[in-house]
């Protein structure tokens, strides 16, 4: 029966669309199997972990494209290519802008995700696949922001390079040291299994890369930090909005502190409030000055994973921005759980900001700064 087993093995190539995968998002935004109606099962093959992982990654790629489509069709966002002066032959990235992102005179919301495989519009791939679109994507933030009169910018900090294939060098056969099993155990296995079956399983557990890949960085967007700085210089700083608001999840918070170290005066002048969710920034490692620390204290909140109820103050570990419980212990859920609190925090910050402007003379300096900006729109 060995040969029979081999024939039934799942293929190493995976579907390119949700339909071919036989999954669909239902009315509630949950991923469900088209015939059984069941949620996605990671361990489709108990015995083939590597294959399950590859299948999951293939689905993740499709989900990424699906979310881009939602940003364009459901949220009416426009894709803008980076770098802005990109040439035909170089690798490129992009961000998404609402129609009024650059022209909205009042408010602009900038969304920055964490690190990893997630792309524009996503907080967590795992949540999109296993829970729903609301918790895993930025779409609820975009929709709510538009209802409340914000222009919106969706960043794409993890799209940093293009992978190009180099013709492969022949791969040496795995040596016995590469296996972490004791030799005796390996040898008796060898006797037990037919060579055919063994080779077959090897292919699935360890699909060799057919070719080597080389990474070409995207110009001026080669890291999340560079990307945020680039988008700040080319978009945010030229946007009309008097008040900029930022939501930064996880590594996004670190990139934001980095931006402050590079553009402190500009950020302070334009940003009204920052909501971080389980941010991994560290003001000491990142050499944030005293003045940056004080600004963060006043204008920033970090909703962190914690067993405490939502919005309960959590002890700060550093003299840093105030920390509040996101009402969940799951890192990737922190943005979704603190959703309402974040928008309330922004409204409040805007009111206090306005009162402050009216009661002080900053009005004149700020408005003159504003007119200065109108002229260099076409830099």
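Heads up, the Cβ atoms here are built off N, Cα and C, so glycines get one too.
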52-106, 107-161, 162-216 - the one TrEMBL records as region 'Disordered': 162-216
Mean of pLDDT values spanning the domain 'Arb2' (14-310): 89
